[in-house]
Amino acid sequence: MGDVELAPHSLQTPGARLGVQDSMGISTLEPGQKPPSSPPGKLTPIKVQLLDEAQEVAPGKFLLDLICQNLNLVESDYFALEFLDHRKVMVCAINYYHIVLSRPKHVVMRFVVKFFPPDHAQLQEELTRYLFALQIKQDLASGRMICNEMSMALLVSHIIQSEIGDFDESLDQEHLEKNKYMPQQDTLEDKIMEFHRRHVGQTPAESDFQLLEIARRLETYGIRQHPAKDREGTKIHLSVSHTGIIVFQGQNKINSFNWAKVRKLSFKRKRFLIKFRPEVNSCQDTLEFSMNNRDSCKAFWKICVEYHAFFRLIEEPKPKPKPILFSRGSSFRFSGRTQKQLLDYRFPADKAYFIAKEVSTTERTYLKDLEVITVCFQNTVAKDEVMPEPLKTVLFSNFDPLYKFHTGFLKEIEQRLALWEGRSNAHIKGDYQRIGDVMLKNLRSLKQLTVHLQKHNEILMELEKAIRNSRKLEALCRDFEQQKVCYLPLNMFFLRPLHRLMHYKQILERLCKHYPASHADFRDSRAALAEVAEMAAQLHGPMIKMENFQKLVELKRDLIGNDNLVIPGREFIRQGCLSKLSVKGLQQRMFFLFNDILLYTSRGLTTSNQFKVHGQISLYGMTIEESEDEWSVPHCFTLSGHRQSIVVAASARVEMDKWIEDLQMAIDLAQQCNGTATELMTNSPNDGPTKSSDETSVEQESEDDLSASRTSLERHSPHRGNTTMHVCWHRNTSVSMVDYSIAVENQLSGNLLRKFKNSNGWQKLWVVFTNFCLFFYKSHQDNHPLASLPLLGYSVTIPAESDNIHKDYVFKLQFKSHVYFFRAESEYTFESPQNSHGLKYYKN
């Protein structure tokens, strides 16, 4: 169709910004695909000014499609081409079928953002957000976006961070002298630099994200004002947004008309008419405004029609049949995808692509978890000299190289995905629809860091030893765990590098299973799998020991009255809620099963949100007998030891079976290692004089034990109250070490749409699934979750017809009356092994 010429300063795509090489002129068309055919008739060259002020020269009425194709812009429907016609009216080029007839000579078309969504999180692509950020930059410079000085300075500081990187006083001053981002910039330069100083380490993509986050809250975000007069002749400005029509007087918004209240929009000559839906106690049916001329009025009417259709309709409206003889009114209709169609757009269902995307999303979460240690915890430790210097050195010298490596690895993965999705204009797509080569290269590099991974067991042991010897260090770690960024027990973050190897292994196993042996990526994927399998096998033993040690330490901090819980050789097996039979009837207790003893607690939580150990039974010589008939209690069984017996009842038959199976296994182990078990018991706490079953049951409990028996999961206290132990207590369920292993193997990260039972809309959230819990973030860039949902006790099902959920890839979570619906972005995510074996595992 002709050559497309780029100005020297062409638009920077996310791929280029991430370090991808520019295209060397290789066609990006698929095999057999032809470029768009030229339109018939005379071809007229037209100059197009892009958002970064670069210019393209291309002929024809398919300008917008050519521009978006050249930029590899997927979400093109948010954008348009504008130009001033011979009547000095700003018009949209795609609505003009005869541009040649109406254009003045030397016209410059502007590639602009046309539709501004309420939340930039609805924008799927980094390139789209980048272009939106450029539009904000232009609106600031032109004075279209009006806000207070502090907001302006903050916006400009994010723009500068995106353009030149971290703060440097001399560089900032020089840059601000050469570039004008807003009117009266000189008076705010000090404030701009003060804000810029706070953005150290922020990437260009993160700066764009923050820029849009601030801009979208401003009244003038995306506003294009059109001069008009009301019925009294007062000068006003009309504007349109996703919510409806807005009226401004000067810089102030004085009125707005929501789309839900508008019945019809029309124009007659230069009069713009808004007809409202009838309401009770409302006498005004039609509102009239006068604009400068008919062309201005019609242009604004078209913009309103398009905004309403784009944001309010589910799909593009079908054109009405043309009358045979006479036509009445304008025949203009919105053409293009609606926002709903854009949000529902899915990439081609190539399973390899979604596996690659899973690597990217989970790597983002893993990198954030590493930051908890390498950035947040390191900064906390540096403020107070309470950690021994040798421990501090070995701790951070082992984690810092891992953080640096995975930062580069994530960058390479995101580059590859940008190419795969067509978000970068580099190279032939087919050569980059693969992930095995990137995995193989980086796993070979990670293998050289195995020496750091082998020291994690030693680090965890030394840290716990230092905490036992220093109350100040214990308080520091406890306070750090209360920070929002530490959304899991601190020790779990030390296990993350070992768990990540297992994730790589699982992902590569699925990839190799998906590929045929003849696939170009199969050999690299299989070689990468061999590399990570070797590392995982080498570190599997230390990982199992670390997981058990971490669990014992966690229980020690949640239990009162058992200071010697963490001893060599002791292994955790199961924890959960059982009802203990006493002279007062059934009383809910927490039970903890180890390979040598069974501990149980007093009723309820203490005021410190902890459980108090009330008794223990040795497993050596213990017998189990189902006793439902004897006591007339459902799901009841008796545990008989050498010195005491207790009768307990589970909440359901399946719970009873789990406890009996694990108890029998633990008893058999205790029988096999009689000497060791006896030795462990002598070191165990509370091993006092023998008591009968009744004496233990009726022993008086403190007021602290009873006062908090109805404490909720959301209780605010100095001790973290949403641990797995607390969830088991409130949900009357149990969890085993095998369950913990399944949870470790099935971790997920990614975007999900959430809907509550009684709400209509879907909210897009970044969700992390780990440690039997869903953690919700507004975006993957957030440092801490907004909320969490513990999943133990929940059932996972497909929505029923009565739920009225007419969407694809939706699953339903329910616990008693609590109901949530979640939508996955693809069939792969919905049916992934993690989903089926991780989420569905919680079904009781």
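Each residue, glycine too, has its Cβ placed from N, Cα and C.
Per TrEMBL, the features are:
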type	residues	note
COILED	446-483	coiled coil
COMPBIAS	678-691	compositional bias 'Polar residues'
COMPBIAS	696-706	compositional bias 'Acidic residues'
DOMAIN	22-315	domain 'FERM'
DOMAIN	351-542	domain 'DH'
DOMAIN	571-668	domain 'PH'
DOMAIN	745-844	domain 'PH'
REGION	678-719	region 'Disordered'
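Each residue in the domain 'PH' (571-668) gets a DSSP state, and the totals come to 20 helix, 49 strand, 29 coil. Here the coiled coil (446-483) has long-range neighbours at 376-377, 380-381, 384, 386-388, 391, 394-395, 398-399, 401-402, 405, 409, 489-491, 494-495, 497-498, 501, 531, 534-535, 538-539, 542, 545-546, 549-550, 553, 566, 718, 720, 784, meaning same-chain residues at least 6 beyond its ends whose C-beta is under 8 angstroms from one of its own. Residue counts for the domain 'PH' (745-844) by DSSP state, with H, G and I taken as helix and E and B as strand, are 18 helix, 41 strand, 41 coil. Here the domain 'FERM' (22-315) has a mean pLDDT of 79 out of 100.
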